[in-house]
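Annotation comment: Swiss-Prot describes 1-48 as region 'Transactivation', evidence class sequence analysis. Here Swiss-Prot flags 1-24 as region 'Interaction with human CREBBP', drawing on sequence analysis. Under the heading region 'Disordered', Swiss-Prot lists 1-20, 48-101. Per Swiss-Prot, the feature compositional bias 'Basic and acidic residues' maps to 1-12, 83-101. Under the heading site 'Essential for Tat translocation through the endosomal membrane', Swiss-Prot lists Trp11. The region 'Cysteine-rich' annotation in Swiss-Prot covers 22-37, and the record cites sequence analysis as its basis. If you look up Swiss-Prot, you'll see Cys22, His33, Cys34, Cys37 marked as Zn(2+) 1 binding site, on the strength of sequence analysis. According to Swiss-Prot, the feature Zn(2+) 2 binding site maps to Cys25, Cys27, Cys30. Residues or ranges marked as region 'Core' in Swiss-Prot: 38-48. Swiss-Prot lists 48-57 with the feature compositional bias 'Basic residues'. Residues or ranges marked as region 'Interaction with the host capping enzyme RNGTT' by Swiss-Prot: 49-86. Per Swiss-Prot, asymmetric dimethylarginine is recorded for Arg52, Arg53. The compositional bias 'Polar residues' annotation in Swiss-Prot covers 60-75.
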Amino acid sequence: MDPVDPRLEPWKHPGSQPKAACTSCYCKKCCFHCQVCFTTKGLGISYGRKKRRQRRRAPQDSQTHQVSLPKQPASQARGDPTGPKESKKKVERETETDPVD
């Protein structure tokens, strides 16, 4: 290894910076270009501020589209349509007629 001038900062040492500039390309070669490219492109880690995406506003005619949709029927109860009371009575009758012991 060549001797390095001790007065230079570590990030200014020869060979510490790649010869080509960083690009916005995400190909394999560019992802492994330097340590910064690897963390941002390869790993997807960025410590910068995240930009807020603005939500797309609905057009003014959106309420007319809501009216044209068919109404959904009321949700029906699942399971036994007779209800829980009758099913309990059936279980009680079965236990009375078929005693185990």
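Here the Cβ of each residue, glycine as well, is placed from N, Cα and C on the backbone.
Note that this is a predicted model, so its numbers are computed, not measured.
Using a 10 Å Cβ-Cβ cutoff, Cys22 (Zn(2+) 1 binding site) registers 13 neighbours. In three-state terms derived from DSSP, Arg52 (asymmetric dimethylarginine) belongs to neither a helical nor a strand segment and is classed as coil. For Cys37 (Zn(2+) 1 binding site), the same-chain residues 6+ apart in sequence whose C-beta sits under 8 angstroms from its C-beta are Cys22, Cys30, Cys31. A Cα-Cα distance of 13 Å separates Cys27 (Zn(2+) 2 binding site) from Cys34 (Zn(2+) 1 binding site). Taking only the Cα positions, the spacing between Arg53 (asymmetric dimethylarginine) and His33 (Zn(2+) 1 binding site) is 29 angstrom.
DSSP assigns Cys34 (Zn(2+) 1 binding site) to coil in the three-state reduction, placing it in neither a helix nor a strand. The binding-site residues considered are Cys25, Cys34; of these, Cys25 has the fewest other C-beta atoms within 10 angstroms of its C-beta. It is 23 Å from the Cα atom of Cys25 (Zn(2+) 2 binding site) to that of Arg52 (asymmetric dimethylarginine). In this structure, the C-alpha atom of Arg52 (asymmetric dimethylarginine) lies 29 angstrom from that of His33 (Zn(2+) 1 binding site). Taking Cβ pairs closer than 8 Å, the region 'Interaction with human CREBBP' (1-24) reaches residues 30, 33-34, 36-37 in its own chain, all 6 or more past its ends. For the binding-site residues listed here (Cys27, Cys30), the lowest count of other CB atoms within 10 A around the CB belongs to Cys27. Looking only at the recorded positions His33, Arg52, Arg53, the densest Cβ neighbourhood within 10 Å occurs at His33. Highlighted in sequence order, Thr23, Tyr26, Lys28, Lys29, Cys31, His33, Lys41 have their Cβ within 8 Å of the centre of the Cβ atoms of Cys25, Cys27, Cys30, the residues recorded for Zn(2+) 2, and are not part of that set.
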